[in-house]
Amino acid sequence: MPTSGSSSAAAVWAILRKECVSEWRTRYGLNAALLFAVTSLAGVSFAVGRLSDRVDVLAALLWVVLLFASLASLSHAFVREVEGHTLTMLRLVASPTAIALGKLLFNIVFLAVIEIVTVPLFVVLMGAPAIGGGFVLLLALGSVALACAATLVGAVIAQTRGRGALFAGVSLPLLLPVLAAAVSGTRAQWMGGSIAPDAKLLGAYAALLFAASLLLYDHLWED
Amino acid sequence: MTGLEATNLAHRYGARVGLEPVSFSFGAPTAIAVTGANGSGKSTLLRIMAGLLRPSAGACRLTVAGRAASREEHRASVGFASPDLAFYDELTVAENLTFAANARGDRDAATSVRAALDRVGLGSRANDRVAALSSGMKQRLRLAFALMHAPGVLLLDEPSSHLDDDGRAALARIVADERQKRIVVIATNDETEGRLADQRIELRGRGLGHSA
Amino acid sequence: MIARVLLLLWIGGWIVAGFLWAPLVPVLGETTRVLYFHIPAAWVTVLALGWSMLHSILYLKRRDMDHDHQAAAAAEIGILFCVAATISGSIWAKAMWGSYWNWDPRETSIFFLLLTYAAYLALRAAIDPGERRARLSAIYSAIAFVSVPFLIFVVPRIYFSLHPDPIINPRGKLDMDPKIRTVFYAMLIGFTGLFFWIQSLRVRIARLEQVRDTAAGGML
């Protein structure tokens, strides 16, 4: 039905906008994530110093910092709804798929903001090579895969007793392939190799996670 | 024409019985009071009717224009207000309702929001943050949220809780008005609320204390 | 009953055959026999994971609690065999490669399976028994299903680049001694039977627990 399709696009858009306004007014998740990113970056930098001659290690460190900064707050999108008891209202106005897609888009935007701050800081503080187009592609694909995994797992985790506590552990198996391919691609890029195989892997993984998520979103909330 | 029907609808929360089997069939326009002891499943029944809870046995069917509603249609034709319905504290009253209207695909959200707020007497507080509202005003906001999209079925769980005399009068006016056009379901143990309805579902769950 | 006795005799008999009848492979020496336990255990790990994920998806489709019992039981048994395969492999690695853990691609894959199982069971433990636990853990299981095959592609990439000369298992299955092959396949069958037997027991317990909890809830 075209009407239902357009109305759920409206729902996704409304949810994305609502998320951005809420986040901007409270800045709870953003502050926590940025602080976490800068803290772990400073921690890494203090622990190992400048590593300009070891780009292979730098690639790994960058993705570990990004992964942990995002893990610290990506579950927030749903935990906030459950803790504020606003999930009922949300479920009354939008389909589970529209809710999850709205949150997914918000998580992608959220990751982009964290990366815009963290990556340049990392390059400056750690002496990493300049960032090229290939790297941005890897970053984009990695972020989409990360956001897909985090959105689905976040929605599940928010309904458990521990809420946020389990999030990192439970999403890790889904994120390890992202981490491995992204690190391998970044390393190749910085060492002058081809990123194509890793970019393809990341892209395929992101697409598969997204497709599977679309099938599963419908089952997320039933009580 | 909207209809609401169920046969042997029941729900369990894990091991606990949430709702003993219940059957009914209603067609608009009407007002129904759902009564029963605490824990007999009034809220559970309303959540199932709203499509928020998947019952463990039986099904609750909503018919629109004589045919069964899809999940999307079901969501669009239900208005729901319960004491645990909460709004976004960091948004204003109007922003909360505008968000709901936009998500539902309402093309003239501003008009619907203003009309709904005026009906519950909350028009002057449209630009206040929800965090600043008293519990009575939050209850009015819940009613506005349930009404604003002119749903075929209006589900009100203890609608007069926290309301002052003025609020109760507004609620009575709204129900008297809505029951002419749609199905209004009120879950309550309050006799004044119960009198707003012309039919009754009495839940005979065990509630507290009694053994089955 | 008869089936269980046959299973016991079958596995017991082939273990004896593995020690007395089948020869040893020159390079591997006494460690040849790990083949009869380690690989079947690893096979059951994968089988149990597949079984668990299949039933998770069936649960989401049919909403029959029996599929949830199957999925949970297979995950519990799977993690048991996964630990057995990891430990036996690690001991073998110490004997052959000189260290217990090398992050060899196979070790990495099994470590990943352990993580996935552990995450699934940790998630289940955080939700009260009932429809919600069944549904949420089935969703997780289904999404984890996507990541498992990916790791098979991704693991060699990252670990080959870390290890310039990866140690690849020198044995080719094709030139396996016929006697070794016979015992090996017999043990695979035996372990598969063992899995389904334990699985049926675990599922029966889960069904009884559900009946008991429902009855207890009714009497409250």
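Positions of Cβ are set from backbone N, Cα and C atoms, glycine also.
Listed in TrEMBL for this protein:
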type	residues	note
DOMAIN	C:27-155	domain 'Cytochrome c assembly protein'
TRANSMEM	C:7-29	transmembrane segment
TRANSMEM	C:35-60	transmembrane segment
TRANSMEM	C:72-97	transmembrane segment
TRANSMEM	C:109-127	transmembrane segment
TRANSMEM	C:139-160	transmembrane segment
TRANSMEM	C:180-198	transmembrane segment
Check your understanding: Taking residues 6+ outside the transmembrane segment (C:35-60), which of them lie with a CB under 8 Å of any CB in it?
Key -> 14-15, 18, 67-68, 70-72, 74-75, 77-78, 81-82, 84-85, 88-89, 92, 110, 113, 116-117, 120, 134-135, 137-139, 141-142, 144-145, 148, 180, 183-184, 187-188, 190-192, 194-195, 199
Point to revise | Within the predicted model, mean pLDDT of the domain 'Cytochrome c assembly protein' (C:27-155) | key: 90
**Study point:** Tertiary contacts of the transmembrane segment (C:180-198) (same chain, 6+ residues out, Cβ under 8 Å)
**Key:** 3-4, 7, 10-11, 14-15, 17-18, 21-23, 25, 32, 35-37, 39-41, 43-44, 47-48, 77, 81
Point to revise | Secondary structure content of the domain 'Cytochrome c assembly protein' (C:27-155), with strand meaning DSSP E or B | key: 113 helix, 0 strand, 16 coil
